[in-house]
Every structure is written in C-alpha cells, then in structure tokens.
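S.K.: One structure is given below, represented as structure tokens, and several questions about it will come after.
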Amino acid sequence: MLIIAGLGNPGRQYENNRHNVGFMAADAIFRRHSFSPWSKKFSAEIATGTLGGEKVILIKPQTFMNLSGQAIGEAMRFYKLEPKDLVVLYDELDLAPAKLRIKTGGGHGGHNGIKSIDAHCGKDYRRVRIGIGHPGDKARVHGHVLGDFAKVDQDWLEPMLDAIADNAEMLVRGDDSGFMNRVSLAVKGKSGEAETPAPQKPKKQSHIRQARQSKPAVNIPEDGPMAAMLKKLLGDKN
C-alpha cells in the first residue's frame, strides 16, 4: 500500500494558487485512473484505487498547509504504514517553473507543510518537488505562493499535470528517474525559459599578431633623381 499526498489549502479561494499545485497533481491522478469517489477521513479528502497492481490512497489534507502532517500522520498510523510508503507532492520555490525533482528524506527547506509532515511522520519519505519559481525578492514570496498561476503558466502546468497523471504507475513502482524524465519531456520548451544560444564573439588575435604592423608598400618613382637613388639602394634588377 502507498499513500500519495498532495499538499494545498482547502477552499475555493486557494484552488488556483501556486501553493496548491500538490492538490492539482493529486486531482490529475484521480481523474486519470480508477479511484473511489473522494470521501472525508483523517481530516482529509481521500480516494482509494490501484496503480501498477498496488493499492494507492490519495490524500488531500484539509487542515490547511501548515498542519498537513496531522492528517497524513493519522492515515499512516491507521494503515500501519512507514515513511517509505509515503509520497508527497508539493510546490517548490527553489525550482524553476516546469521543473520537477524527487528525493527521499532531507530538510523541509522552509516549507511549512513539509515541516509538519516531518514532525508527524518522520523524514524518510519521497518528496516530489514541483517548481513554481522564486519571485526574486524575499518580501514577495508570500504573495507569490498564495497567488494564482498566471495564464502563461498554463502552457507548462497543464502538460506537467497530465504527465504526472499519465506516469503515476512509475512513481508507485519507485522508478523515480524514469518518472522525472517523462515529466521533463512533456514540458520541454514550454516554460518560457528556453535557453537562447549566446552570440559568438569574434576570435581575438594574439597579442603578438595585434602588435605586428603590416609593412607599408614602397612606391618607387619611375624617373627623376629620387628614382635613381632608390633604385640604387634597393637594387634595380632590370
């Protein structure tokens, strides 16, 4: 049995927030696969189904983000599960939009939902970090995470959520590298941050070549006293 938990805040006013991308991912998995209807249990919305031959419980804590661990911890104790049986989907400020990374264990990185889960469930669970980008100024972080995704974000957000849902069985099997690769391919070039090749700089000449002066051409008059003198100095081969 595996719990896949998506993090977010309950309520319609939050449903399109960047902070709720974990809820969005859980909903995408729910829609794509055969799960029971959502029901309320463990201070959460839960749905059960089977992915890759394994029973999976989708959980969306309804405790608000900062208390997510209460709901998830209650479910894990009820089903007698360990941290290795938990996968958490959540927003990550320190990843660019459309980037996704998975790791097991580690710190909470300032994310209060993860901090709560660490306290209630231990740290050795898999974390699926979904990049929402950083606003660039610490003072703007609160408004950024609790702000709605912009219209332009849908260009990468929808393909990413579809890829998460399409490849959820890989996540259940523990094929984290394969899962990340599939998601990456689905959103490639759609984040608006595609790299443009740097303009090529002209090749620099060596300092020796730069210092070397080309010899000026010697113009020899064809006749007159000066012509006779120069021909004598330079040697007249005629």
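Quick reminder: no glycine exception, Cβ is built from N, Cα and C everywhere.
Where the annotation comes from TrEMBL, it is an automatic prediction and has not been curated.
When I checked TrEMBL for this same protein, it listed these features:
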type     : residues                    : note
ACT_SITE : His19                       : active site, proton acceptor
BINDING  : Tyr14, Phe64, Asn66, Asn112 : tRNA binding site
COMPBIAS : 201-212                     : compositional bias 'Basic residues'
REGION   : 189-225                     : region 'Disordered'
SITE     : Asn9                        : site 'Discriminates between blocked and unblocked aminoacyl-tRNA'
SITE     : Asp91                       : site 'Stabilizes the basic form of H active site to accept a proton'
S.K.: Need one number for the tRNA-binding residues Tyr14, Phe64, Asn66, Asn112: the maximum pairwise CA distance in Å, whole number please.
M.R.: 16
S.K.: If you measure His19 (active site, proton acceptor) to Asp91 (site 'Stabilizes the basic form of H active site to accept a proton') at Cα, how many Å is it?
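M.R.: Distance between the two Cα atoms comes out at 6 Å.
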S.K.: Just how many other Cβ atoms lie inside 10 Å of the Cβ on Asn112 (tRNA binding site)?
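M.R.: Other Cβ atoms found within 10 Å: 16.
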S.K.: Output, ordered by sequence, the same-chain residues six or more apart from Asp91 (site 'Stabilizes the basic form of H active site to accept a proton') with a CB under 8 Å from its CB, or 'none'.
M.R.: Leu7, Arg18, His19, Asn20, Val21, Gly22, His111, Arg129, Ile130, Ile132, Val145
S.K.: Rounded to the nearest Å, what's the C-alpha distance separating Phe64 (tRNA binding site) and Asn9 (site 'Discriminates between blocked and unblocked aminoacyl-tRNA')? Just drop the number here, would you?
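M.R.: Distance (Cα to Cα, whole Å): 5 Å.
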S.K.: In whole Å, note down how far the CA of Asn9 (site 'Discriminates between blocked and unblocked aminoacyl-tRNA') lies from the CA of Asn66 (tRNA binding site).
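M.R.: Taking the Cα atoms only, Asn66 (tRNA binding site) lies 9 Å from Asn9 (site 'Discriminates between blocked and unblocked aminoacyl-tRNA').
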S.K.: According to DSSP, does Phe64 (tRNA binding site) fall in a helix, a strand, or coil?
M.R.: coil
S.K.: Which residues, same chain and not among Tyr14, Phe64, Asn66, Asn112, have a CB within 8 angstroms of the centroid of the CB atoms at the recorded tRNA site?
M.R.: Asn9, His19, Thr63, Met65, Leu67, Ser68, Gly113
S.K.: Going by DSSP, is Asp91 (site 'Stabilizes the basic form of H active site to accept a proton') sitting in a helix, a strand, or coil?
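M.R.: SS state of Asp91 (site 'Stabilizes the basic form of H active site to accept a proton') = strand.
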